[in-house]
Amino acid sequence: MLLSRHRERLAANLQETAKDAGERWELSAPTFTRHCPKTARMAHPFIGVVHRINSYSSVLETYCTRHHPATPTSANPDVGTPRPSEDNVPAKPRLLESLSTYLQMRCVREDAHVSTADQLVEYQAARKTHDSLHACSVYRELQAFLVNLSSFLNGCYVPGVHWLEPFQQQLVMHTFFFLVSIKAPQKTHQLFGLFKQYFGLFETPNSVLQTFKQKASVFLIPRRHGKTWIVVAIISMLLASVENINIGYVAHQKHVANSVFAEIIKTLCRWFPPKNLNIKKENGTIIYTRPGGRSSSLMCATCFNKNSIRGQTFNLLYVDEANFIKKDALPAILGFMLQKDAKLIFISSVNSSDRSTSFLLNLRNAQEKMLNVVSYVCADHREDFHLQDALVSCPCYRLHIPTYITIDESIKTTTNLFMEGAFDTELMGEGAASSNATLYRVVGDAALTQFDMCRVDTTAQQVQKCLGKQLFVYIDPAYTNNTEASGTGVGAVVTSTQTPTRSLILGMEHFFLRDLTGAAAYEIASCACTMIKAIAVLHPTIERVNAAVEGNSSQDSGVAIATVLNEICPLPIHFLHYTDKSSALQWPIYMLGGEKSSAFETFIYALNSGTLSASQTVVSNTIKISFDPVTYLVEQVRAIKCVPLRDGGQSYSAKQKHMSDDLLVAVVMAHFMATDDRHMYKPISPQ
């Protein structure tokens, strides 16, 4: 920040410069440059012929916008009160006296008789092109729409309301500039350069136009923010100002569609001649015809009557509360994506009751910037918002909050008492649905990409010389045949002899029982044995297997699995043993306890530090049939969540609705057994 004395000095310099520089440079005759070749000059309709380098400077555009604004100086709207044209005029540029003198030396007037004939022809052609653009009927039609909408929203639509929220301005621009692209496709870029001044977008490059020209736009906005309110105003002014345009409106409930239909009729009848309207209530259609012009139409429908919009032709289709639209109605709506001159605008709040139905959130990964989200928490502080119960708005206070929205801790607490998480969803919009997957993410995307892409060729002789002689296998058995529930996870890890902290994943299995029979222990042991055999064939340097069979679910079944595996394993195998406190007997099972958190932390650190890799020839007889085993594991790693406990500890979980974390737990524990030297492995003693 500037110190106060520097700020005062700069303000004094600015005041002195503005007082001394009075050159306005308003020319009645065109100006031509001296000694400028044709390839290095350009004709400008407001100035004359100048050097082409001016096209890369904002000074020329600022000067023209100031003295030749595209916005009308005396607007005559059909409704409402026009806004002052000075509101959208940039600051007047000031020229130093030395710069002004130099420019006058380089430029001459047309009446100085030094301009060449070809420069005059170039200027006249540029001027004619500019005048023809302003004389275009499409330009006047679109200009009338902006003037009418601006005046209508200037305290006429709702008394006392003169300004729009940022998302409402975005909605107007997405609607308007798409109309420009279909009404005047050859002159879209020229009209964009003119009409962007109406929105105060003086420094916006023409490349942004591609965003407005896209076939679909999505707006996720919290409730009670004026979504339907601005849609009614836009549709009303479109019908009254633009000819030959077809608009569609689809709502999630019949009473909403009827309310919008009635409000648009009320608005048009109040501010425009009622004789221009042709209302057909039986099919929810409004036809507006201006004297001497072609008619424009609006059809209001609901998702329950999806066949009513089939066969229609819409240039603009507004889908209100799209997250609550019936899924079987979506094909009829999305069919308009195939129409060349049609745009779909989805407007919705986030579905609090079932976040999985917020299908619009999938568009955040689209190649086009289709998703527009109104949120009161920025991405940088989303974690702070979730971790602090008393926090109700973004700590940086950079985001705009309307005056008619009340956000405080008491409202947050009361809302969440009705339904947990409802306030967060409504407040954060897209953030609440996506933050659950990213809030507690503990493994970075770069680390996962490296783990997935950089796999080690463990069959190479140079690599096998560095592999350890012992293979660590962890079995997390599940005794169920329900493929939607848990399955048996098996992980196999080997360490490096050169770097003990570095380890490699050689095999993984996610096994589900076919039937619940007495052979469950044998099937699980056979699955692990098949994996060990394949690993032994690919890596002949491995001499012994250190195994751990989890016995938390069933100690008897765990002992049975270890016993069978001990008999059929092709390599010498040792097991972790659990000592029975009552009988002092040792069983070949492992009772998983509080060390699970330590194992996850070790695994997470290994992934983030790059000390854990996967083999190019990962053995998997249960996953590889339909999925890449490493990618399958990565999907479970992405779901790892670290949840703080009340006692100050931490708990890790990766359970998902569509996928269990059995394989991940097995790999995590196998890695933990391989890198931790506190565990003792012993063979099963014959009785």
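Along the chain as shown, the residues are counted starting at 1.
Yeah, the Cβs are placed from backbone N, Cα and C, and that goes for glycine too.
Note that this is a predicted model, so its numbers are computed, not measured.
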Checking feature assignment: motif 'Walker B motif' per Swiss-Prot, candidates 46-51, 316-321, 490-495, 604-609. Which range matches? 316-321
Give the range, chosen from 221-228, 349-356, 549-556, that Swiss-Prot lists as motif 'Walker A motif'. 221-228
10 Å Cβ neighbour count around Asp662 (active site, for nuclease activity)? 25
Including all protein chains displayed, how many Cβ atoms other than that of Glu550 (active site, for nuclease activity) lie within 10 Å of its Cβ? 23
To what whole number does the mean pLDDT across the motif 'Walker B motif' (316-321) round? 93
Applying a 10 Å Cβ distance cut-off over all chains shown, what neighbour count does Asp476 (active site, for nuclease activity) have? 29
Please list, for the motif 'Walker B motif' (316-321), how many residues fall into helix, strand and coil according to DSSP. 0 helix, 5 strand, 1 coil
Near Asp662 (active site, for nuclease activity) in space, meaning Cα within 10 angstroms, which of the active-site residues do we find among Glu321, Asp476, Glu550? Asp476
Please list, in sequence order, the residues in the chain of Glu321 (active site, for ATPase activity) that are at least six apart in sequence and whose C-beta is under 8 Å away from its C-beta. Ala251, His252, Gln253, Val256, Ile347, Ser348, Ser349
Calculate the distance in Å between the alpha carbons (Cα) of Asp476 (active site, for nuclease activity) and Glu550 (active site, for nuclease activity), and round it to a whole number. 5
